[in-house]
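Undergrad: Sending over a structure as structure tokens; questions will come in a sec.
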Amino acid sequence: MLAKVSTLVAASLALCNAFDPVDGRPNVDFDYEIDEDKLKSRSVIMMIPDGTGPNIWALARNMVDPTHKKMLHIDPLFRGSVQTFSNTSLITDSASSATAYATGFKTYDAGIGVDMEKRPLGTILEAAQARGMVVGMIVTSRVTHATPASFAAHIHSRSLENDIADQYCANANLDFLLGGGKRHFSDACLAKLKAAGYTITLDKDELAAYRKTNEANGTLRMFGLYQKSHMSYEVDRIRGETNEPSLSEMTEHIFAILKNNKRAQKHGFFVMIEGSRVDHAGHSNDAGTMGKEAIEFDNTVSVVKQFVYSNPNVAMISAADHGTGGITLGHDGVYKWEPEPLVKQVMSTEGMEALFSSDRATYTEETALQKVKDLITQNSATKEITKEWDAIFAAEVKQIVANAEYSTSKLLIYMGQCISQTAFIAWTTIGHVGTDVNLYCAGPSVFTRRCNGNHDNTHLNHIMTNYLNLDLQSITLKLRGYNPNDIQTAIPTVTPNATNATNATNATNATNATNVTNASNTITTPTITSATPVTTKA
């Protein structure tokens, strides 16, 4: 017979305190057996470290402690791996991958919460909200960016971020949304939010004040918009030049309020947390910044773990949407890589490029080249620029000085690659990669045992919706203008325990629900129709 819930949770908390992975290497982390009848108001926290392939966790772990005596908070939660391909490419973008996580269906790259025919698909967040659960998202990208948008919006292209913001404001179905992207919210949009009872917080202090006012009563009705575009990289944020909260701080503030929220206590909650900018640093080939973004995500995992272990009905699942950059720890046959140069990096290459561009109009070729060298040597452990890199930078600044319209994006990437070489790191791409990503889970064993093994990305949605007993099909019907009570066959049926998701693209597109047939439960390997590389994925 299963032990009492209180006894098990107390024991699990004791184990957690005794074997904190930051203080020592535990033999195992744990999940716990709980009588399913006692799992009232189940809740799920989904954590997405955007662009974080398996090798990035090794990078971050070595940056935290190159002696291998410490583990990351996320390490003991490892369960399996996830396949990431979309319906149109073996290498996905964030929109199609997040749509798979949010809806349980694969789609085309750039599609936000829609199927291959650009029709809306109900998401786990929308189904949770319809059930009375508290729902919200915490990200470090623009809140209108591909990953968060795929959970709460429906649009044919990820690039339409103003329209995505308008959907957020019109629907007003999120209890909280924190991140960047204020530039995409018009005055009219913000006015709708305020009229719907939302508080808008714009910096770290206002977020802390909101918590102070609302923690005791558990009130959550808040948008946090902390930058015009993406929030700052962690390596730049900690210099204190902007008053932004970190990902872990945002999470801690929200959970402090959430634990006292009456609706969450009664009906549960669904929260999506994204460490968005690991991916962006990968696109820039900026290894030091990428590692520090992964470490801050891991700090956030620590916050979430403590919440999960304190609440027996809460489960956590974490997987990246894809890998980015194709980073290699070591290169050219040399059995060596050095984390210390990355630890000592005090500014992102994005920050360096911004400083370079601020004086662009005044440069000669000589002064521009010296500025690049100074930015690298003053903000990283790279103290000497090799002749090879000197020539590369010289050729690039020549173009920049000669043409005021010439982009500095290549210069940004070259800076990252130059610093990476000091650490014996190399890159294979400035885009995404097609490798599987790690899967991590914590919580009751009724949830975590489903995480074991290798999964298609759509299956993660099934794991979550099965645990929460959510009906995404009825949400899809409503979004398409059908009455869920009258129509039973309008949307493909997904078997929750199936490893592979139902493929929405096999459904017949009919003008009325009675003509829509059930889709096949087989995923077809995507056909690559063009050899032209896509450079806009993120």
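Cβ atoms here come from the backbone N, Cα and C positions, even for glycine.
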Undergrad: Kindly point out which candidate in Asp50, Asp359, Asp374 is recorded by TrEMBL as part of the Mg(2+) site with His145, Thr147, Glu274.
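TA: The one candidate that TrEMBL places in that Mg(2+) site: Asp50.
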Undergrad: May I ask you to report the DSSP-based helix, strand or coil state of Thr147 (Mg(2+) binding site)?
TA: helix
Undergrad: If you skip the near sequence neighbours and keep only those at least six away, which residues in the chain come within under 8 angstroms of Thr147 (Mg(2+) binding site), Cβ to Cβ?
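TA: Once residues fewer than 6 apart are set aside, Thr147 (Mg(2+) binding site) is near Ile48, Asp50, Ser94, Ala95, Ala98, Val139, Ser141, Met272, Glu274, Ser276, Asp321.
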Undergrad: What is the separation, in Å, between the Cα atoms of His283 (Zn(2+) binding site) and His145 (Mg(2+) binding site)?
TA: 16
Undergrad: When DSSP is mapped onto helix/strand/coil, what comes out for His432 (Zn(2+) binding site)?
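TA: In the DSSP reduction, His432 (Zn(2+) binding site) maps to strand.
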Undergrad: How would DSSP class Glu274 (Mg(2+) binding site) in three states?
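TA: It is in a strand.
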Undergrad: To the nearest whole angstrom, what is the C-alpha distance linking His145 (Mg(2+) binding site) and His322 (Zn(2+) binding site)?
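TA: The Cα atom of His145 (Mg(2+) binding site) is 15 Å away from the Cα atom of His322 (Zn(2+) binding site).
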